[in-house]
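Worksheet: the structure to be examined is printed underneath.
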Amino acid sequence: MNPQANLIFIASLLLGTTITISSNHWIMAWTGLEINTLAILPLISKSHHPRAIEAATKYFLTQAAASALVLFSSMTNAWHTGQWDITQLTHPTSCLILTSAIAMKLGLVPFHFWFPEVLQGSPLTTGLILSTAMKLPPMTLLYMTSWSLNPTLLTILAILSAALGGWMGLNQTQIRKILAFSSISHLGWMAIILIYNPKLTLLNFYLYAVMTTTVFLTLNTTKVLKLSTLLTAWTKAPSLNTMLLLTLLSLAGLPPLTGFLPKWLIIQELTKQDMAPAATLISLLSLLSLFFYLRLAYCTTITLPPHTTNHMKQWRTNKPTSTAIAILTTVSVMLLPASPMILTIV
């Protein structure tokens with residue numbers, strides 16, 4: 001793609017995200033979401049492969065439907081209450097429609113079907129944007145309206161997301177699809193705590209974004225897209241693959257790595273809110289996703305020769321590891337000891 005065009009699309013993404021995050025009026029928030037959708041479409045379909053075109057079409061149709069529902073929800077609320085302010089969403093029907101719209105935007109179950117297909121059809125860099133930056137504006141809208149949403153509905157969506165995200169990722173061989181189901185599973189953890197402690201939702205999202213960015217950038221460096229390629233990637237950059245192993249275990253939420261911090265805090269908060277059964281259930285469901293993270297981790301570094309794959313070994317590269325990946329890996333792995341400081345900020 002032309003660098004100037006690329007720059008325009010990235011700038012539009014930043015503009016759309018900034019407009020949505022900083023707006024108080026529903027129409028401005030909707031405008032930001034639309035700018036975001038239109039800016040990401042060329043980035044998804046830039047390879048001109050039929051799968052990429054299909055992914056862009058699916059993404060456009062889903063996001064257009066979700067944006068229409070956001071607009072309909074805000075108009076219904078304005079009709080009944082006379083308020084266009086995002087924080088003044090009080091009408092029950094509007095709250096219900098908005099929850100469905102944001103779930104569709106984020107890829108929460110049962111509106112998740114588009115996300116793995118779109119991620120599979122996109123390049124790794126675009127997949128990274130879809131998994132992290134594109135989820136920030138809808139998360140902000142959820143954060144701003146959290147006090148008026150239905151707790152029962154959000155808890156059901158969260159537990160279903162954690163269950164299906166883990167279950168459907170089990171037999172995948174394409175890494176982008178595994179990361180898509182990982183994202184759905186993490187969204188479940190974010191949604192379940194939203195009503196009770198919205199700041200924990202944001203903390204979980206930020207840490208998830210850091211760890212996912214590390215994984216995507218590492219895979220982009222080693223040019224790995226499926227498990228069979230990952231089996232032989234350790235010969236190409238052994239140190240990078242070791243860092244990928246630690247990041248994947250952190251993403252799975254294993255102590256003493258960073259990914260354990262949000263899960264620990266969420267379970268603690270749910271227990272305080274007398275929701276111990278929900279906390280137990282979502283913790284057990286995270287074991288499903290732990291299985292495919294361990295599978296990825298095994299394929300990353302622990303598969304040593306002789307093994308049965310017929311792939312040729314790759315030449316070891318002398319390129320130094322990117323500074324960004326090094327910093328992100330450090331944050332993804334070593335942040336747990338700093339949790340008291342993080343809690344004072346949150």
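Any Cβ shown, glycine's included, is placed from N, Cα and C.
Per TrEMBL, the feature domain 'NADH:quinone oxidoreductase/Mrp antiporter transmembrane' maps to 23-288. The domain 'NADH dehydrogenase subunit 2 C-terminal' annotation in TrEMBL covers 290-343. Marked as transmembrane segment by TrEMBL: 5-21, 56-76, 96-115, 152-171, 178-196, 202-219, 240-261, 281-304, 325-345.
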Spatial neighbours of the transmembrane segment (325-345) far in sequence, C-beta under 8 Å, 6+ residues away:
203, 207, 210-211, 213-214, 217-218, 221, 240, 243, 246-247, 250-251, 255-261, 265
What average pLDDT does the predicted model assign to the domain 'NADH dehydrogenase subunit 2 C-terminal' (290-343)?
80
When each of 5-21, 56-76, 152-171, 240-261, 281-304 is checked against the transmembrane segment (178-196) for Cβ pairs under 8 Å, which one has the most?
152-171
